[in-house]
């Protein structure tokens, strides 16, 4: 039995009783990484020497101090678009292959203050643009449940590492589903918090009005502990919200008696596989048995979400990625004769095809003559999508549906058709456009592959999402299933 089969509260208790040490936890993590990561390829960079040194320091602290936080000594993996001082951060892009940050992201600072131990940086789609982690500039991460299938994306490395038992926790980022979709594919728990709940300072920007950092874990309880630590106002991020952070773990009462659930007909309609639809209906029966009620509703503007998202996200990306020019950091071409040629060649050689595709789309949408027809119209539709959610939440506590239309697809199956790949996020994108929180939890299996249940809540009401997710988790055993590697 692995130490990471225990919940974090159980590991904390074992540390408190001196039955295990922090070094034991860190050793367990690296042992597992060395055993299975050659197959899974979740990690881009390991932090082994520094992690072991920190473990020794924390063991000394453990010997003298009686009180310490729940994340004390816990190994964690960080998605490679979150900057870590002195630890290479590449965004899985060749243009940043040698970037060594000089500061920590706010979430990393908060983890360090909580005495968590960073064991390494995790693979992703380049600059978080993708749904399969096939767009990484360095390696192909595989799904631990079936090594011939994708782990999802863009936080595929984070979800795969947790599912494979390499770390008990990981951080990901979610712009259009990039935490929830890989969590669903890998059979783990992934939360996209409300926009503004978690600081984005130190998150390399893709689409600034959509990006949000969040936790990926094996259980809902562990997820709540991690969100507790990373949440809260940050003066370094002007979009960080000055909203009190509740005690998320206290919300895990298991009581959902009288809870009102909305199920959008658009989320169980065309494009969603029959097996996934049935898994969601079965999950709703479980929640009914626990005292909740559900009704079908409509989110009428959901059909425009995909087009709206790709116009807005690509427009923001075209501006955000202009900073990668070969002058200040990262890759610089050797084949340029003058400054302008250096800019062009550096970006052409450094960025992958999907990143270049989205930069071009965004530049087009923002260009003179097209701004009103595309970007401005997309912003108006985004407002309508947000209003759809607000209307439903006037009557219901949460919205529930599948996280993805299908389970994990095969590697290479969708790479030649970008539109088919984009459609994989059709159920997660509206949540980002509305800025509300959403979680994916395991709710079944189809042919041995995990299926994710998405629970969506009101602005800054992650507590209710956690309460529902935890109640379902306690009534089922899907979260206890593990892949065989």
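Counting begins at 1 with the first residue displayed.
In case you wondered, yes, glycine gets a Cβ from its N, Cα and C as well.
Per Swiss-Prot, the features are as follows:
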- 79: active site, charge relay system (ACT_SITE)
- 154: active site, charge relay system (ACT_SITE)
- 178: active site, acyl-ester intermediate (ACT_SITE)
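For the pair residue 79 (active site, charge relay system) and residue 154 (active site, charge relay system), the C-alpha distance works out to 9 angstrom.
Counting Cβ atoms from all protein chains shown, residue 154 (active site, charge relay system) has 34 others lying within 10 Å of its own Cβ. Long-range Cβ neighbours of residue 178 (active site, acyl-ester intermediate) (same chain, at least 6 residues apart, Cβ-Cβ under 8 Å): 125, 128, 131, 153, 154, 155, 172. Over all protein chains present, the Cβ of residue 79 (active site, charge relay system) has 32 other Cβ atoms lying within 10 Å. When secondary structure is read from DSSP and collapsed to three states, residue 154 (active site, charge relay system) falls in the coil class.
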